[in-house]
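Lifted from TrEMBL, the feature list:
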| type | residues | note |
| --- | --- | --- |
| BINDING | Asn33, Asp78, Asn79 | Ca(2+) binding site |
| CARBOHYD | Asn79 | N-linked glycosylation site |
| CARBOHYD | Asn133 | N-linked glycosylation site |
Amino acid sequence: MLLEMLIDLRWTYVLYYSPKEVKVVARGFNSPNGITISPDKKYIYVADVADKNIHVMKIHDNRDLTLLKVIQLDTSVDNLTVDPDTGDVLAGCHPNVMKLILYNPKDPPQSEVLRIQDILSEKPRINTVYANNGSILQASSVAFAYKRKLLIGTIFDKALYCEL
């Protein structure tokens with residue numbers, strides 16, 4: 001896997017699975033990780049942690065996916081969820097992935113949660129809803145919002161609950 005990433009082979013893909021069928025529906029990712037679906041079940045969002053982006057894809061009737069756009073970010077995107085009240089996409093992120101890989105408890109990895117509003121528009125709005133230098137929460141990996149409340153999960157630290 002490391003060799004694949006280092007020489008940019010992009011052999012990773014997204015599969016569609018049902019009891020009757022398994023097929024590749026999207027290709028060309030560096031290191032896809034988080035994946036979620038829009039509330040109307042018409043779009044898939046895939047986080048690519050190494051490329052620091054989110055792929056927005058349309059789902060066709062035959063379950064194939066068409067790439068609509070890639071939202072480039074300045075942080076490594078881990079897992080994605082959709083706020084059931086707003087349809088906004090929440091991303092658990094790693095601002096400095098090297099701090100995560102080379103973990104040092106005296107200089108812990110930071111936490112960051114982004115909210116992407118109007119993800120299908122030409123100019124989605126991206127806001128940081130939580131950020132910390134690792135002193136309170138280390139290595140956030142996912143965030144889930146429900147009724148103006150936020151639960152943030154991590155790779156190996158505790159979880160954090162807060163109100164939006």
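Using N, Cα and C of the backbone, Cβ positions are placed for all residues, glycine too.
Residues Gly34, Ala47, Val49, Val77, Leu80, Ala91, Gly92, Ser141, Val142 surround the recorded Ca(2+) site, their Cβ atoms falling within 8 Å of the Cβ centroid of Asn33, Asp78, Asn79, which are themselves excluded. Of all the binding-site residues listed (Asp78, Asn79), Asp78 sits in the most crowded Cβ setting, with the most other Cβ atoms within 10 Å.
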